[in-house]
Amino acid sequence: MMSSLSVEGMLLKSARESCLPARVNQRRNGDLRRLNHHRQSSFVRCLTPARVSRPELRSSGLTPPRAVLNPVSPPVTTAKKRVFTFGKGRSEGNRDMKSLLGGKGANLAEMSSIGLSVPPGLTISTEACEEYQQNGKSLPPGLWDEISEGLDYVQKEMSASLGDPSKPLLLSVRSGAAISMPGMMDTVLNLGLNDEVVAGLAGKSGARFAYDSYRRFLDMFGNVVMGIPHSLFDEKLEQMKAEKGIHLDTDLTAADLKDLVEKYKNVYVEAKGEKFPTDPKKQLELAVNAVFDSWDSPRANKYRSINQITGLKGTAVNIQSMVFGNMGNTSGTGVLFTRNPSTGEKKLYGEFLINAQGEDVVAGIRTPEDLGTMETCMPEAYKELVENCEILERHYKDMMDIEFTVQENRLWMLQCRTGKRTGKGAVRIAVDMVNEGLIDTRTAIKRVETQHLDQLLHPQFEDPSAYKSHVVATGLPASPGAAVGQVCFSAEDAETWHAQGKSAILVRTETSPEDVGGMHAAAGILTARGGMTSHAAVVARGWGKCCVSGCADIRVNDDMKIFTIGDRVIKEGDWLSLNGTTGEVILGKQLLAPPAMSNDLEIFMSWADQARRLKVMANADTPNDALTARNNGAQGIGLCRTEHMFFASDERIKAVRKMIMAVTPEQRKVALDLLLPYQRSDFEGIFRAMDGLPVTIRLLDPPLHEFLPEGDLEHIVNELAVDTGMSADEIYSKIENLSEVNPMLGFRGCRLGISYPELTEMQVRAIFQAAVSMTNQGVTVIPEIMVPLVGTPQELRHQISVIRGVAANVFAEMGVTLEYKVGTMIEIPRAALIAEEIGKEADFFSFGTNDLTQMTFGYSRDDVGKFLQIYLAQGILQHDPFEVIDQKGVGQLIKMATEKGRAANPSLKVGICGEHGGEPSSVAFFDGVGLDYVSCSPFRVPIARLAAAQVIV
């Protein structure tokens with residue numbers, strides 16, 4: 001039975017109201033009236049408010065909250081509104097307002113609406129942050145009045161006032177962008193304390209708690225708002241602990257903490273030449289400014305750059321009444337995931353600290369206990385927490401990351417957001433949630449990011465049992481996978497080493513948001529402090545970066561650039577291996593092995609394959625590459641570069657050099673006859689590996705000088721003189737003639753085959769002989785021959801004539817005729833412009849986007865590094881065009897050539913075979929243009945398969 005209540009033009013409906021006891025029903029109706037009278041509320045979800053207890057629900061025969069609200073009038077616009085309140089069963093926002101309220105603010109509003117215990121607060125919108133930046137980094141007109149009005153609501157709800165010693169209200173001020181950026185922006189806790197307020201708080205809640213909160217606030221406010229290094233406060237704390245002969249800050253007495261507060265206040269004067277601001281309203285204004293400022297901090301900008309986060313207006317600011325986990329042994333704080341973010345296992349995964357505040361867990365300041373300890377010491381709060389987790393998973397239909405505090409045995413929910421997860425975790429969670437009926441396969445495809453698959457394709461240790469004797473310490477397995485590198489102790493060094501091509505293991509006592517660049521550059525991360533939900537762990541998991549945290553056995557000395565494990569000393573530059581799955585720290589350079597595809601991943605990829613339209617092929621030059629590609633789900637070979645086969649042995653490269661030195665076609669044919677068996681053998685292996693799938697083989701493309709060594713030629717010249725009978729002077733002269741001013745636009749591609757038809761003849765003969773041989777062995781062969789660097793239809797016509805002539809001869813000699821295709825690479829802009837002419841000659845087009853990008857931009861791929869970073873930093877380019885397809889320029893050539901080619905030849909097959917074939921946003925563009933396939937490296941095939949599916953769903 002459905003009951004309804006009409007209030008000021010909005011019809012509120014609850015599917016369960018008639019089932020509730022009468023007194024609960026009356027209470028809810030009163031709440032709903034108050035909700036609908038609240039000004040500018042966009043819409044409200046009528047769900048069980050926080051004040052309806054679970055026992056009342058259970059006594060009515062109901063499960064925890066699932067009531068719904070269907071608004072029948074259009075929602076009130078929130079375009080002009082900049083401050084939104086929430087708490088105690090009501091809110092002015094909802095989870096769909098992330099772009100305006102940030103992820104944290106939207107989810108606080110949502111948790112409030114569904115009846116969870118959320119401390120009242122207000123969210124200042126991201127639009128206000130944008131206005132702040134545009135207003136010269138000062139609060140825009142009228143905003144402080146709106147904040148004050150929101151604060152009045154919080155004070156009324158909490159029956160407390162900011163700055164009132166008799167009824168003290170303390171606040172947290174936190175950032176929250178629309179996209180999660182763990183640790184990148186600022187937080188201030190316990191705001192509102194001064195000497196008078198702390199005395200009042202001490203009278204109500206105890207002196208130790210009050211002064212512990214005060215010293216934390218002085219530290220955090222000083223660092224975040226005043227720019228005082230945290231280390232200056234930490235020095236005072238460590239000095240006092242040493243004087244008292246204690247190890248934990250929890251062992252400090254109230255008198256100790258009171259003394260520490262005075263020392264902290266002196267830090268302000270020593271570091272800034274000014275006193276700590278005691279006016280709570282001024283503290284709040286400064287804190288809001290600091291959070292807005294942190295949006296534009298170097299670490300936040302770097303994080304957004306690394307993760308390609310663009311288009312956001314700014315960060316929201318969440319001002320919330322404080323609840324305290326540091327009020328003794330009946331209080332605590334924790335962070336959890338509703339499923340294991342590393343493995344995906346359906347089990348609560350998190351950490352808990354008794355008598356602590358949330359930043360102690362998240363910042364890795366103290367190494368916390370496993371969440372299971374909470375069940376033992378606070379069973380009622382733990383039971384409610386488990387129920388809340390189930391409610392949130394059902395509501396959001398996703399794995400959630402939750403922060404909570406227990407204050408004197410009462411649970412408070414401080415944050416929920418979609419949890420960051422590893423590749424392994426993402427795939428298992430997606431598959432399990434489909435099996436549980438929470439989501440469908442299309443939603444599952446959207447849930448797994450292409451970066452997640454990239455992580456799954458990273459190597460693991462070849463033989464974990466082989467290194468057991470080299471394990472010197474074990475920390476927490478914070479982010480799975482394996483990492484091998486040389487030890488470094490600063491983020492700056494890690495970035496420098498990475499730029500030099502060195503593999504670094506970043507070793508820190510604990511990481512901070514300032515380390516984000518070095519963390520991204522490092523192969524792996526090792527920290528002495530911090531738990532599974534510390535900054536290092538969360539950021540590393542988000543990137544699929546191997547991380548071992550909370551390794552209490554190590555002592556890090558940044559000044560000496562060493563760390564010690566007992567008597568053992570590990571220096572900068574020493575090789576170290578990390579197992580992020582087990583937490584093992586291993587001396588030396590351990591061997592890595594390629595990863596294997598799990599059953600969950602196979603199931604997930606089958607859903608992606610059913611959804612996508614675009615075929616995914618691979619660039620593979622050897623039988624092993626082809627086998628890897630097939631195992632990774634490739635539907636054929638889109639590019640086999642024949643020149644790579646020439647470097648496989650000394651005999652092959654010698655034969656190539658003889659061919660290059662040849663003066664007459666006859667001499668050249670003798671050398672090519674030596675190469676033919678090698679090429680035929682390689683093609684046979686590739687055809688065998690790709691049985692039943694197309695194999696596109698590109699004829700010789702690079703300039704001939706690339707097959708000659710650089711530097712000292714004397715040894716090679718002498719060798720060639722013996723092999724060819726030419727004099728040294730003749731060989732030097734030949735080499736000199738081969739050198740070009742601009743070789744990438746010189747004597748290469750089809751120009752070689754036209755100038756030396758015998759070169760094309762040899763390669764094509766090897767292809768067709770291998771194809772017939774494999775066919776005779778029962779292998780289904782689908783050969784496709786690709787002519788490179790065509791700029792005119794006449795060039796392609798010439799090479800097709802040579803190819804068809806050789807094919808006819810081989811088929812006649814071997815008594816077998818096969819179907820085959822001949823096509824071309826479109827990599828010269830002119831070819832794209834006259835694609836209708838070239839399309840009449842070709843069976844297929846394959847866009848060589850690497851060269852097409854070079855020639856369209858006029859950038860040399862080998863030299864672009866000299867200015868590319870400047871262009872990216874100044875916004876001249878948004879992306880590296882050799883990584884992400886330039887849709888406005890190069891992309892338009894691809895679109896035009898596809899349309900023109902198909903107009904001339906409706907059966908024309910069209911694909912791409914450049915590096916862009918494995919880049920997700922480029923794959924989306926190629927699908928939109930209507931290409932038939934993309935081809936990428938074997939290890940990126942699963943990524944391209946998923947990207948192609950995500951375009952459709």
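Backbone N, Cα and C define each Cβ position, glycine as well.
What Swiss-Prot records for 1-77 is transit peptide.
Sequence annotations record features per position, and here Swiss-Prot assigns region 'Disordered' to 55-74.
Annotated phosphothreonine per Swiss-Prot: Thr533, in sequence order, evidence recorded as similarity to another entry.
The feature active site, tele-phosphohistidine intermediate is assigned by Swiss-Prot to His535.
Counting only same-chain residues six or more apart in sequence, the Cβ atoms lying under 8 angstroms from the Cβ of Gly848 (substrate binding site) belong to Pro788, Met825, Ile826, Glu827, Ile912, Cys913, Gly914. Among the features that Swiss-Prot reports, substrate binding site is placed at Arg641, Arg698, Glu827, Gly848, Thr849, Asn850, Asp851, with the record citing similarity to another entry.
According to Swiss-Prot, the feature Mg(2+) binding site maps to Glu827, Asp851. When Cβ atoms from all protein chains are considered, those within 10 Å of Glu827 (substrate binding site) total 26, not counting its own.
The active site, proton donor annotation in Swiss-Prot covers Cys913 and is backed by similarity to another entry. In the three-state DSSP assignment, the secondary structure recorded for Cys913 (active site, proton donor) is coil.
Across the structure, Asp851 (substrate binding site) and His535 (active site, tele-phosphohistidine intermediate) place their CA atoms 41 angstrom apart. Within 10 Å of the Cβ of Asn850 (substrate binding site) there are 16 other Cβ atoms, across all protein chains. For Arg641 (substrate binding site), the same-chain residues lying six or more positions away in sequence with a CB closer than 8 A to its CB are Asn619, Asp621, Arg698, Asp701.
Of the recorded positions His535, Arg698, Arg698 has the largest number of other Cβ atoms within 10 Å of its own Cβ. Listed in sequence order, the residues of the same chain lying 6 or more apart from Thr849 (substrate binding site) and placing their CB within less than 8 Å of its CB are Glu827, Ile885, Val890, Ile894, Ile912, Cys913, Gly914, Glu915, His916, Gly917. For the recorded substrate site, residues Arg641, Arg698, Glu827, Gly848, Thr849, Asn850, Asp851 set the reference point as the centre of their Cβ atoms, and the other residues of that chain within 8 Å of it by Cβ are Leu639, Asp701, Pro788, Met825, Ser846, Phe847, Leu852, Cys913, Gly914. For the substrate site listed in the record, the two most distant Cα atoms among Arg641, Arg698, Glu827, Gly848, Thr849, Asn850, Asp851 lie 15 Å apart. The two recorded residues His535 (active site, tele-phosphohistidine intermediate) and Asn850 (substrate binding site) have their Cα atoms spaced 38 Å from each other.
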